[in-house]
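Worksheet: the structure to be examined is printed underneath.
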Amino acid sequence: MSAPARPAPAAPIRVTAGTTAGQAVRDAGLPSRGAPDAVVVVRDADGRLRDLSWVPDTDVEVTPVAADTEDGRSVIRHSAAHVLAQAVQEMFPDAKLGIGPPITDGFYYDFDVAEPFTPEHLQALEKKMRKIVKDGQIFERRVFGSKDEARAELASEPYKLELIDDKSGADDPEVMEVGGDELTAYDNLNPRTRERVWGDLCRGPHIPTTRYIPAFTLTRSSAAYWRGDQNNASLQRIYGTAWESQEALDRHLELIEEAQRRDHRKLGVELDLFSFPDELGSGLPVFHPKGGVVRRELEEYSRRKHIEAGYEFVNTPHITKEQLYITSGHLEWYADGMFPPMQIDAEYNEDGTVRKPGQDYYLKPMNCPMHHLIYRSRGRSYRELPLRLFEFGSVYRYEKSGVIHGLTRVRGMTQDDAHIYCTREEMRDELARLLQFVLDLLADYGLDDFYLELSTKDPDKFVGSDDLWEEATETLREVAESSGLALVPDPGGAAFYGPKISVQVRDALGRNWQMSTIQLDFNMPDRFELEYTSSDGTRRRPVLIHRALFGSIERFFGVLTEHYAGAFPVWLAPVQVVGIPVADAHAGYLDGVAAELRRRGIRVEVDASDDRMAKKIVNHTNQKVPFMLLAGDKDVEAGAVSFRFGDRTQINGVPRDQAVEAIVDWVNRRENATPTAELVVLPSGDAQSPVAGEG
């Protein structure tokens, strides 16, 4: 278990008034351009990133930021996005600029152009970018004297004009063009003449020169709505990635290739797990029989563990009257994420006039308000607490079409939602118990590389007393630290109603996924007037804890599919065993073996198709079937089978009763490793002699 790799923080250095930050970096003997740990910007005492050309008015201490840090890579990628935009406008002079932010592992820039970009365009653009990088153009910050000055300079850039006029988006991390108290541009200067070659509206910061971009490539292009709103113009987006060294870029590209092979959307089709029919609409998946098996196993194991942990199962409807979400505050705080209302129960006169107005009903975006109604349905005593309500509840959220992504971002989902009501005195023990339950259950599914994130109060947006927030935050911190996992702070990242712990999981490719959340809520108990009778007879508010362990079943399914590259652990696999006869005459024998396995609860098929045996082995290997049992004349005579595994190894001549017991044992142990000839132990204890198979 580990947190994301982070370079050791750099020691602060002093910048003398009237000199540049870059001079202080050089005086300190720190790495410069060309090294993976070259300093690209500095961080001031307020946490703001500054260009190396920044000149402070007084002596200040700053922290150098290296290229191989998260912030350093982000600056390099932002500068690479500018180089891309310059190349596009040189190749396509009529192109209008959108925005070009750094993103996780890369960058993009949006353009309004007459035709979509082609792969040939990307090749030509990358070549032009390499020339700009080689030229060593200087990034120079310039402050506009006024909005009018900025408008005049950017009169031919309609999207930039919109950003100038709409500074409400200044704090949006994806809108790098505006921010702070100033409107600024970054000009690219010819290093020899210092003449302006190109420029862009931008708040920065940037690397000193284009040569500080050691390694980059363009990856793809796509359509994208301006500012992510489908009511706006459709632009063309070019994606790229940039890194601190060629070695780092090569590693990233290898990871991308492997991620593409593991893409759950691709595997969902190849393995016949799920699909997204156009007739249903965007973000609304259907699970096929094989996907249904995996989903059922996920849910049933979770259900059993929840029952053992003292949870009580509930069920709630998919729609509700408007008033519930007025009470909960969702219509005030979350209306943009909800589907439009349905008006129901109106009554009309014969002439069409309304005799009785209808009521607005909503698809539920969250299960919690309905769980609060269950809690409130009768009086509660402290003796009933903690009360742990759990539901596999379907919810519906309006996601913009541009952000929908396979199973990991959908509009219709099933959440494994729990709400825990406890006393303030029980809060710490319940949180500790809950966190351990979450970690143990995720590990049972094969995800066991964790770190934690603690989201704390936004001082400008919160409900409840400071004392309660402080107590709850410190309690969460103590619980997180006692787990022994790394804890990453997320200052100001909490929702307005309480602090939370997020469990971050690293998958087989080293990618981080936010998986489970444990959220304290000081708002809902008041809104719903939730109470319990304490030991002294007084009425008190319970502490409310929200918890979604998987996030959603759909998202967890997608993450597991990619983590295992579609080769699910045997206990989750849609088909656990397939019998492959050497010839048609051996199919009946394997039917008998299959019948024994079915009686023991194993999902098994016999391939009686007309394909040759070698073809069958290839087909079922591609379908990720974990156990293949082969049988020919010698096996039938000996009452045996031969094991064939996905890594091409075999165990030949295994007595059928031993084969059945070995498979049943593997499934019952919920072993997450992929079975191989080396790992499978036969009940007799005899040593196996694995052999390499053909084909």
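Every residue, even glycine, has its Cβ placed from backbone N, Cα and C.
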Residue in His306, His318, His419, His586 which Swiss-Prot records at the Zn(2+) site where Cys368, His546 also bind: His419
For His546 (Zn(2+) binding site): intrachain residues, at least 6 apart, with Cβ closer than 8 Å: Cys368, Asp417, Ala418, His419, Thr517, Ile518, Gln519, Leu520, Asp521
Other CB atoms, at most 10 A from the CB of His419 (Zn(2+) binding site): 24
Assigned element (helix, strand, coil) containing Cys368 (Zn(2+) binding site), judged by DSSP: helix
Per-state residue totals over the domain 'TGS' (1-66) - DSSP helix, strand, coil: 7 helix, 17 strand, 42 coil
